[in-house]
Amino acid sequence: MIQQTLLKPSYSSISNPPLKTPPKSSSHSSTHCYNHTSWGLRIVGSSSSSSNTESKSLNGAFTGRDPNVKKPAWLRQRAAQGERFEEVKQSLSHLNLNTVCQEAQCPNIGECWNGGGDGIATATIMLLGDTCTRGCRFCAVKTSRNPAPPDPMEPENTAKAIASWGVDYIVLTSVDRDDLPDGGSGHFARTVKAMKKFKPEIMVECLTSDFRGDLSAVETLVHSGLDVFAHNIETVKRLQRIVRDPRAG
């Protein structure tokens, strides 16, 4: 007896692969169930004894469909620790600097701050404080309509910290600051200039907010001496109003 069952995929955006032709039934009593999902074809065959069940995934070991298959080790992160981790943490705390790693509760913070595979500690510095004027549903950063004014010493403190780490590439990002006339672009620019002064050879990437579409704010940052200008769209247009703050561009 041959039975084919077409199941609804877990993610509608993933197209289903074509259903393969089932094999011919053998002479003895058997049942084959073909579960057509977005992860591929799962074959479950049983002999005359219902307890004798064989499961096979055609798309690799980690499909999440077989309860007997263990989840990959990288899904579970260990608590951040280590000598290099503590050095970076204390340096940031002493200079009153914020990072996306901490404020967004990134699970990879231990790997990055300890140096990862290349042995170079990296961190994404978050400028303009730790409180955002917007409230996107996917983000763990604190929000407020009236956050504290930017720290005027932050550009110099950031440059000092980065120079002491000895990294060759650094990413600067920030919370959204709709309360500031320029959206914080001037603060960004001062930070880049300070970093280039302390360490001229360093590569600086600025991952910015949308500055509410103000191109003059963008121009201010472009002429600061940065090496890479970046901006995240975060999601597709269809989901913008669902997951992002309505003010997001």
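Count begins at 1; order follows the chain as displayed.
A Cβ is built for glycine as well, from the same backbone N, Cα and C atoms used for every other residue.
Please treat TrEMBL annotations as automatic predictions, because they have not gone through curation.
Copied from TrEMBL, the annotated features are:
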{"type": "COMPBIAS", "residues": "1-18", "note": "compositional bias 'Polar residues'"}
{"type": "REGION", "residues": "1-33", "note": "region 'Disordered'"}
{"type": "COMPBIAS", "residues": "22-32", "note": "compositional bias 'Low complexity'"}
{"type": "REGION", "residues": "50-70", "note": "region 'Disordered'"}
{"type": "BINDING", "residues": "Cys101, Cys106, Cys112", "note": "[4Fe-4S] cluster 1 binding site"}
{"type": "DOMAIN", "residues": "115-249", "note": "domain 'Radical SAM core'"}
{"type": "BINDING", "residues": "Cys132, Cys136, Cys139", "note": "[4Fe-4S] cluster 2 binding site"}
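Sequence features annotated in TrEMBL and their locations in the structure.
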{"residue": "Cys101", "record": "[4Fe-4S] cluster 1 binding site", "Cβ neighbours (10 Å)": "23"}
{"residue": "Cys106", "record": "[4Fe-4S] cluster 1 binding site", "Cβ neighbours (10 Å)": "17"}
{"residue": "Cys112", "record": "[4Fe-4S] cluster 1 binding site", "Cβ neighbours (10 Å)": "19"}
{"residue": "Cys132", "record": "[4Fe-4S] cluster 2 binding site", "Cβ neighbours (10 Å)": "23"}
{"residue": "Cys136", "record": "[4Fe-4S] cluster 2 binding site", "Cβ neighbours (10 Å)": "17"}
{"residue": "Cys139", "record": "[4Fe-4S] cluster 2 binding site", "Cβ neighbours (10 Å)": "19"}
Rounded Cα separation (Å) that holds between Cys106 ([4Fe-4S] cluster 1 binding site) and Cys139 ([4Fe-4S] cluster 2 binding site): 11
Three-state secondary structure, which DSSP defines for Cys139 ([4Fe-4S] cluster 2 binding site): coil
Three-state secondary structure, Cys106 ([4Fe-4S] cluster 1 binding site) (per DSSP): coil
Shell of the [4Fe-4S] cluster 1 site beyond Cys101, Cys106, Cys112, same chain only (C-beta within 8 angstroms of their C-beta centre): Thr99, Val100, Gln102, Asn108, Ile109, Glu111, Trp113, Ala123, Thr124
Three-state secondary structure, Cys132 ([4Fe-4S] cluster 2 binding site) (per DSSP): strand
Predicted model, mean pLDDT over the domain 'Radical SAM core' (115-249): 87
Candidates Cys132, Cys136, Cys139 (binding-site residues) - the one closest to Cys112 ([4Fe-4S] cluster 1 binding site) by CA: Cys139
Closest of Cys132, Cys136, Cys139 to Cys101 ([4Fe-4S] cluster 1 binding site), Cα positions, binding-site residues only: Cys139
For the domain 'Radical SAM core' (115-249), residues assigned helix / strand / coil by DSSP: 44 helix, 24 strand, 67 coil
